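Remarks on the structure that follows.
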Amino acid sequence: MRSSWADSAANAEESAPAAAANHGNSRLPRSSYVPPHLRGQAAPAAPAQAGALPSAAAAAQPSVGQPGVVGGPRWAGIVNGGGGGGGGSVGGSRQGFGAGGRGGGGGGGGGAWNSRPGGWDRRDREPDPFANSEAAEVDFEGENTGINFEAYEDIPVETSGHDVPPPANTFAEIDLGDALNENIRRCKYVKPTPVQRYAIPISIAGRDLMACAQTGSGKTAAFCFPIISGIMRSRPPPRSRGSRTAYPLALILSPTRELSVQIHEEARKFAYQTGVKVVVAYGGAPITQQLRELERGVEILVATPGRLMDLLERARVSLQMIKYLALDEADRMLDMGFEPQIRKIVEQMDMPPRGERQTMLFSATFPKEIQRMASDFLADYIFLAVGRVGSSTDLIVQRVEFVLDADKRSYLMDLLHAQRANGTHGKQALTLVFVETKRGADALENWLYNNGFPATSIHGDRTQQEREYALRSFKSGATPILVATDVAARGLDIPHVAHVINFDLPNDIDDYVHRIGRTGRAGKSGLATAFFNESNTPLARPLSELMQEANQEVPQWLERYAARSSFGGGGGRNRRSGGGARFGGRDFRRDRGSGGGGYGGGGGGYGGGGYGGGGGGGGYGGGSSYGGGGQGFSSAWD
């Protein structure tokens, strides 16, 4: 049952259109909105004093100093403005913006608009991304404070290019601005990770950058910090608010919806209270809400290539003001066939050309295709290669078990029971189970749930809302088992995953490395278990070589399968070469000037190596050789 005050408000709303038609502008179109916590209270009888909340009756009487209010306290017009001049409110008569709306008028004070240059200040009503809520379960706790920094001490780093700025050992050494430094403190970032130590000073200096570092090593902050800091230092004059076209100053492209959302969430934390607005746009979600967000203003746009092309073709986004361009997981974009779209966005739209904008390209691996694309987009760039954190021996324990297809579910059940028994307070540790098919993911999820193991799944047939819900449920521990396919989980940063189980082994050793890299992140230890049987014989040799290089114990039966699969010669997709380099790529500008043939005869690290040459040494990544002595495999610990 509604209160008398709520009834009067409803009646006023129903009668307002007719009254407005009869009397023109002589009275308020409709009564002000009554917040739920004020409903059921009697309207104050006394007239409002200066600075007090006006009564409902007083609000209905228009005046020059206090215009009529549509929407009421939603825009903080009356509540924040006070009496006298009154806080102007959007939707009232236009005199309000001059009389009280901007903070003047008889001690009114600022309403939705304030006295700062540029009008609306987003910081006044910006949602706090640091607020404790269900959505923020593990977002901050332990991401940097939980990093095993000792594992970073011996990490190899290479840079190439002229006049490389020196690395920074602490965030205090970098001039990022007070507001951003405060957000870094609130994120509990103790000190920069290796990629941040080198990449942030390079970007702050205005240089283009190609950075090769594993996912989970702090790449998002490495490109977000310089972008936010740069926008804060040299913000252009505000554009007309009436335009339906958004003019972002920075564009961050990523290959998947989930990764775009992930980057957006992190960037919002970094940009909190800086006045820098971050908006995300991706497919699979209604475009109307994204358009509304863009119309409210945007400095940093995080987008997938497909949705961005849609916005550009609708003329709802213009790239002519872009000062910063960042591509995250660039190798994945090429894998997923985005190169034509990226080239069109960067080269054929209204984006400023290279040299007039700053471009940062981040990837876990840099084979020739990525570097060729990068050289088209970058001007006088610095190449940065950051090796893996420690060795797999220290971080990820790999186990391979021979399990027939018919026995996989029972074996999985045994693993989960043992894991639960050994877990803290009998709780299930976060476990990621990879399968090959979408149907298999759904079936395994239902089977686990019916057997007492809370599980959820993520794959390409899930709606965006379902995928986001599943990830939140998994990260929070509500459903500590996530069944996933490769494509759906690629690029996601899921902290605290203790165990990765390859229920179905992939056909490619690259995908195996992507999968097990979901654990052992940020210098922490992890466990990876794989179910192997006759159908996986083509993977036996590269899997055996991988485990040997990582100083893992290789079962004798797997060595026999490896010897059988390599009988009569090797080569092909899964053939790898040994070595010791530990990077995800090598600057191809160096290789062009050295012997060895093609791009990179002289060796490479993770995914490095030769393109047409004889293949070089490689740790995870081997001597990749397109047309040469067997392909190395990318170390995309992605």
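Quick reminder: no glycine exception, Cβ is built from N, Cα and C everywhere.
A coil conformation is recorded for Ser217 (ATP binding site) in the three-state DSSP classification, outside any helix or strand. When other Cβ atoms within 10 Å of the Cβ of Ser217 (ATP binding site) are tallied across all protein chains shown, the result is 26. Swiss-Prot lists Ala213, Gln214, Thr215, Gly216, Ser217, Gly218, Lys219, Thr220 with the feature ATP binding site, giving sequence analysis as the kind of evidence.
The feature compositional bias 'Basic and acidic residues' is assigned by Swiss-Prot to 119-128 (among others).
Swiss-Prot lists 584-593 (among others) with the feature compositional bias 'Basic and acidic residues'.
Within the model, the domain 'Helicase ATP-binding' (200-384) shows a mean pLDDT value of 89, rounded to a whole number. Positions annotated as domain 'Helicase ATP-binding' by Swiss-Prot, on the basis of sequence analysis: 200-384.
The feature region 'Disordered' is assigned by Swiss-Prot to 1-129 (among others).
What Swiss-Prot lists as region 'Disordered' is 565-638 (among others).
Within the motif 'Q motif' (169-197), the DSSP-based counts of helix, strand and coil residues read 16 helix, 0 strand, 13 coil. Residues or ranges marked as motif 'Q motif' by Swiss-Prot: 169-197.
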Neighbour tally for Lys219 (ATP binding site), based on other Cβ positions within 10 Å of its Cβ: 27
Residues that sit under 8 angstroms from Thr220 (ATP binding site) by C-beta distance, when 6+ apart in the chain: Gln262, Ile263, Glu266, Ala267, Asp328, Asp493
CB contacts for Gln214 (ATP binding site) [other CB atoms within 10 A, all chains]: 24
Cβ atoms near Ala213 (ATP binding site) (within 10 Å, other residues, all chains): 30
